[in-house]
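Chemist: Below, the features straight out of Swiss-Prot:
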BINDING   30-37, 57-61, 75-78, 142-145, 174-176  GTP binding site
BINDING   SER37, THR59  Mg(2+) binding site
DOMAIN    22-195  domain 'EngB-type G'
Amino acid sequence: MKVTKADIVISAVKPEQYPDGDLPEIALAGRSNVGKSSFINKILNRKKLVRISSKPGKTQTLNFFLINEMMHFVDVPGYGYAKVSKTERAAWGKMIETYFTTREQLDAAVLVVDLRHKPTNDDVMMYDFLKHYDIPTIIIATKADKIPKGKWQKHLKVVKETLDIESGDEVVLFSSETGLGKEEAWKAIHKFTKTKNA
């Protein structure tokens, strides 16, 4: 998809701050510093729409981005960062749970994982959480450029087996450096949004 417009609409922490309307929403989740911001910037053809923080756990709000006036991307705060306090972690959990369980406009989630490494317990918990609430999920296995092409399938197998991916959920090989998987990611996203924009 050609992105001609992408703007941040609001940074929200509670439902009354979520944007009005019935545009489809895609939520983007992932471990702190997994490359989620780079994925969003790459897929939207923007260099700095989402700031890439050197400090993990920096984003503590749900950031809503309006794409081509057609859909919202919702950047979910990264999880699994050890230095976040218990209080902050509890607040994060409540905010995420409220959004994922009550937001009617939510059509699917994108879960960004690092292809180089076996998914963490936090990745597994996040995927299980999404599946518990029957949220269709697209797995973006990023940083494919960091490992030899001949090892991609082996690493993909580890990702699929560790997360115990359901048959309907797609896994897309991705690289924010080379753009690998960009078209495939959009195709997967459009499966969930096109019905509302047909």
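From the backbone N, Cα and C atoms, a Cβ is placed for every residue, glycine too.
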Chemist: Drop a 10 Å sphere on every Cβ of the binding-site residues GLY30, PRO77 and tell me which sphere holds the fewest other Cβ atoms.
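Modeler: Each of the binding-site residues GLY30, PRO77 was scored; lowest Cβ tally within 10 Å is PRO77.
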Chemist: Take the Cβ of LYS143 (GTP binding site) and count every other Cβ within 10 Å, whichever protein chain it belongs to.
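Modeler: Excluding its own Cβ, LYS143 (GTP binding site) sees 22 Cβ atoms within 10 Å.
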Chemist: Between GLY30 (GTP binding site) and SER37 (Mg(2+) binding site), what is the CA-CA distance rounded to a whole number of Å?
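Modeler: Given the Cα positions, GLY30 (GTP binding site) is 10 Å from SER37 (Mg(2+) binding site).
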Chemist: How big is the Cα-to-Cα gap, in Å, between LYS143 (GTP binding site) and SER37 (Mg(2+) binding site)?
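Modeler: One finds 13 Å between the Cα atoms of these residues.
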Chemist: On a C-alpha basis, identify the one among THR61, PRO77, PHE174 that is nearest to SER37 (Mg(2+) binding site); the candidates are the binding-site residues.
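Modeler: So, spelling it out, the nearest of the binding-site residues is PRO77.
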